[in-house]
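Enquirer: According to Swiss-Prot, the disulfide bond annotation covers Cys97-Cys188, on the basis of sequence analysis. The feature N-linked glycosylation site is assigned by Swiss-Prot to Asn5, Asn264. Per Swiss-Prot, topological domain 'Extracellular' is recorded for 1-25, 80-100, 159-194, 259-271. According to Swiss-Prot, the topological domain 'Cytoplasmic' annotation covers 50-57, 121-139, 219-235, 292-311, on the basis of sequence analysis. Feature annotation from Swiss-Prot assigns transmembrane segment to 26-49, 58-79, 101-120, 140-158, 195-218, 236-258, 272-291; the stated evidence is sequence analysis.
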Amino acid sequence: MGSFNTSFEDGFILVGFSDWPQLEPILFVFIFIFYSLTLFGNTIIIALSWLDLRLHTPMYFFLSHLSLLDLCFTTSTVPQLLINLCGVDRTITRGGCVAQLFIYLALGSTECVLLVVMAFDRYAAVCRPLHYMAIMHPHLCQTLAIASWGAGFVNSLIQTGLAMAMPLCGHRLNHFFCEMPVFLKLACADTEGTEAKMFVARVIVVAVPAALILGSYVHIAHAVLRVKSTAGRRKAFGTCGSHLLVVFLFYGSAIYTYLQSIHNYSEREGKFVALFYTIITPILNPLIYTLRNKDVKGALWKVLWRGRDSG
């Protein structure tokens, strides 16, 4: 059997949710609605971050990057999934599969790193308020954003390269998109060495950022407890709790998928877990981080009234 870059010229078959045909129409409706709302919500955040000068702050700078990531991240898999659920075409070309694997891993890895940067930004705002603007100056913000994107794409390049070097036995991918654990399941040769290399990269990109975020929020919680106002503490803990919910869903599902042994990985369960970080998290991010925020609501009304007056 040849290696991935010479095998299966006709591509792969994505099994998707065809094992549950009665579930496919329901999934199609819900996923289509969630995808539409994700596009709408994240596009609004990006537009407002550019249009309203009051949102030209470090926090909204990173949030606009997160929204762009979520737009691209969900678009790298969901359109293919919707086609799959319709049963029109369950195939994907070899080149398309490689491109999807690379883009998906790059964007997912970038989001893992960017969420750490955003946690650091919140830590600086809450725990070092007097020095916040000095710490989070524009040059540092741009550097951190570029570093996040760079780290994500480097990680994806490494893991995609390792995947392409594996010989595969079969062309049926028991998933709704080209995901790494499914390729490892198809590998003909012993993948222990490849798995070890991938595991190190995943610990750096997934586990370490998750630990850093939790550490940041421990410091934030400690600072909030010193706030004398009960209402202020309640508001701060409510915000932190919402942020941690997104972190838990995103990193929890990613850890389940990427940090367990391939021998313990269940393809049937993996498909449903993947829905959390491909469908659920991208729609929660704009709702939790920004659309409930008074500044964002004010900016949105300002833009809407400006458009109404000009009309």
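Don't overthink the numbers, they just go from 1 along the chain as shown.
A Cβ is built for glycine as well, from the same backbone N, Cα and C atoms used for every other residue.
Keep in mind that this is a model prediction, so the values were computed, not measured.
So that I understand the layout, could you describe where these features sit and how close they are to other parts?
Expert: In this structure, Cys97 (disulfide bond) is part of a helix by DSSP.
Summarising the environment of Asn264 (N-linked glycosylation site), the number of other Cβ atoms within 10 Å of its Cβ, over all protein chains shown, is 6. According to DSSP, Asn264 (N-linked glycosylation site) is assigned to coil rather than to any helix or strand.
Under 8 Å from some Cβ of the topological domain 'Extracellular' (80-100) lie the Cβ atoms of residues 8-18, 24-25, 27-28, 31-32, 35, 160, 164, 173, 176-178, 278, all in the same chain and six or more residues away from its ends.
Packing against the topological domain 'Cytoplasmic' (121-139) from elsewhere in the chain are residues 58-59, 62, 216-217, 219-220, 223-224, 236, 243: each is 6 or more residues past its ends and has a CB under 8 Å from a CB in it.
The topological domain 'Extracellular' (159-194): residue composition by secondary structure is 16 helix, 5 strand, 15 coil, according to DSSP.
The average pLDDT the prediction assigns to the topological domain 'Cytoplasmic' (219-235) is 81.
Tertiary proximity for the transmembrane segment (26-49) is limited to same-chain residues at least six positions away from its ends with a CB under 8 Å from its CB atoms, namely 17, 55-56, 60-61, 63-64, 67-68, 70-71, 74-75, 78, 81-82, 85-86, 275, 279-280, 282-283, 285-287, 290-291, 296, 299-300, 303.
Remote same-chain partners of the transmembrane segment (58-79), defined as residues 6 or more beyond its termini with a Cβ less than 8 Å from a stretch Cβ, comprise 31, 35, 38-39, 41-43, 45-46, 49-50, 100, 103-104, 107-108, 110-111, 114-115, 117-118, 121-122, 125, 136, 141, 144-145, 148, 176-177, 278-279, 281-282, 285-286, 289-290, 295.
Remote same-chain residues near the transmembrane segment (101-120) are listed as 59, 62-63, 65-66, 69-70, 72-73, 76-77, 144-145, 147-149, 151-153, 155-157, 159-160, 163, 177-180, 183, 205-206, 209-210, 212-213, 216-217, 243, 247, 250-251, 254, 277 (criterion: CB distance under 8 Å, separation of at least six residues from the stretch ends).
Nonlocal intrachain contacts for the transmembrane segment (195-218), taken as residues 6+ away from its ends with a CB within less than 8 angstroms of a stretch CB, comprise 109, 112-113, 115-116, 119-120, 122-123, 151-152, 155, 158-159, 162, 180, 184, 240, 243-244, 247, 251, 254-255, 258-259, 261-262.
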Enquirer: Looking only at the topological domain 'Cytoplasmic' (121-139), what are its DSSP counts of helix, strand and coil residues?
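Expert: Its residues divide into 16 helix, 0 strand, 3 coil.
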Enquirer: Taking just the CA atoms, what is the gap between Cys188 (disulfide bond) and Asn264 (N-linked glycosylation site) in Å?
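Expert: Distance (Cα to Cα, whole Å): 17 Å.
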Enquirer: Which residues, given as numbers and ranges, are at least 6 beyond the ends of the topological domain 'Cytoplasmic' (219-235) yet have a Cβ under 8 Å from it?
Expert: 122-123, 126-127
Enquirer: Pop the Cα-Cα gap between Cys97 (disulfide bond) and Asn264 (N-linked glycosylation site) into the table, whole Å please.
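Expert: About 24 Å separate the Cα atoms of these two residues.
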Enquirer: So if I measure Cβ to Cβ from Cys97 (disulfide bond) and keep only same-chain residues at least 6 apart in sequence, which ones fall under 8 Å?
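Expert: Once residues fewer than 6 apart are set aside, Cys97 (disulfide bond) is near Gly11, Phe12, Leu173, Cys178.
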